[in-house]
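What TrEMBL says about this protein:
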type: DOMAIN; residues: 70-299; note: domain 'ABC transmembrane type-1'
type: TRANSMEM; residues: 76-97; note: transmembrane segment
type: TRANSMEM; residues: 109-130; note: transmembrane segment
type: TRANSMEM; residues: 176-195; note: transmembrane segment
type: TRANSMEM; residues: 242-265; note: transmembrane segment
type: TRANSMEM; residues: 277-301; note: transmembrane segment
Amino acid sequence: MIKLIPGDEAQVAAGDGATPAQVERTRAQLGLDAPAIVQYFRYLGRLVHGDLGTSTATRHPVLNDVLAVLPATAELVVLALLLALLVALPAATFAALRHGAATDAVSRILVVITAGLPTFWLGLLLQWLLGTKLEMLPISGRFSAGIEVPTRTGMAMLDALLAGDLYAFYDALQHFVLPASVLAVPVAAQLFRLLRAELLTVLAREHITVARAKGVPMRRLVRGHAVPNAMGPVLTLTGIEVGILVGSAVLVESIFGLSGVGAYLQNAVEQRDIFAVLGTVTAIGVLVVLANLVTDVVQLVRDPRLRSTRMGG
């Protein structure tokens, strides 16, 4: 697919003023003179040894470039995921307890609307409304002008805390509110749908009905039985949503001027930096696999019955 993008990556790597001979020499140095299938298998061979290639734009190893921008994207994705969970869990519980009521119907309509909102459009809308029009929140960057903190982890808020600068931490938090909210909206909608359906299924079980007939408070049943039993599928979906969040971050980082994996990938595509594109996509794939692995481990810790089931299988 990358080969179908118009342009000559060897010409880009050699520079605008390069002669045809220099372009051909650069093409040979990068291994771009071989057939596409040969380039692909050569890339896989290097990948086994952790070599993602060298960026033709930055002249740095792609792995180093990705590791430099990855913390910023990870911070944004984690904040968005936490925000989505904080909104979806209580909202879904509230809707399930009022199944069939007007509030339940309204919440489902809102979920249908928010789940279908285009990320790019929502980002521009919130940026204009809350940032430009109402001037409630900053619309770009990770810190306000004049605020600097030592870079230790690459995560703005964590670096501010490590530096003991609470003002910088609060400033960074304000800068992340809009982009994290844009990412969180569709994820919260999906989590709401699933959790509400799971809660309704659990609450309809016979032992819950018997407990309610015996006078056990609904709040106790929900907290002690319904929510824990409904969280299994929600955790699975959360792991899947990590990949969607990273993909959406490409657009969000562009809108809000954040320097992360998304911005790096966008620049790589625009400059036909083939090794940077391949390396970034590979890194994102590894992140998704790790996220699902962590989800599986959490599931096993949360429900010991799954261990015996998998071991028996």
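The backbone N, Cα and C atoms fix where each Cβ goes, glycine too.
Whatever TrEMBL says is automated annotation, not expert-curated.
Using a Cβ-Cβ cut-off under 8 Å and counting only residues 6 or more beyond its ends in the same chain, the transmembrane segment (277-301) has close neighbours at 2, 43, 47, 52-53, 55, 62-63, 65-66, 70, 232, 235-236, 238-240, 242-243, 246-247, 261, 264-265, 268-269, 307, 310. When each of 76-97, 109-130, 242-265 is scored by its Cβ pairs under 8 Å to the transmembrane segment (176-195), the top-ranked stretch turns out to be 76-97.
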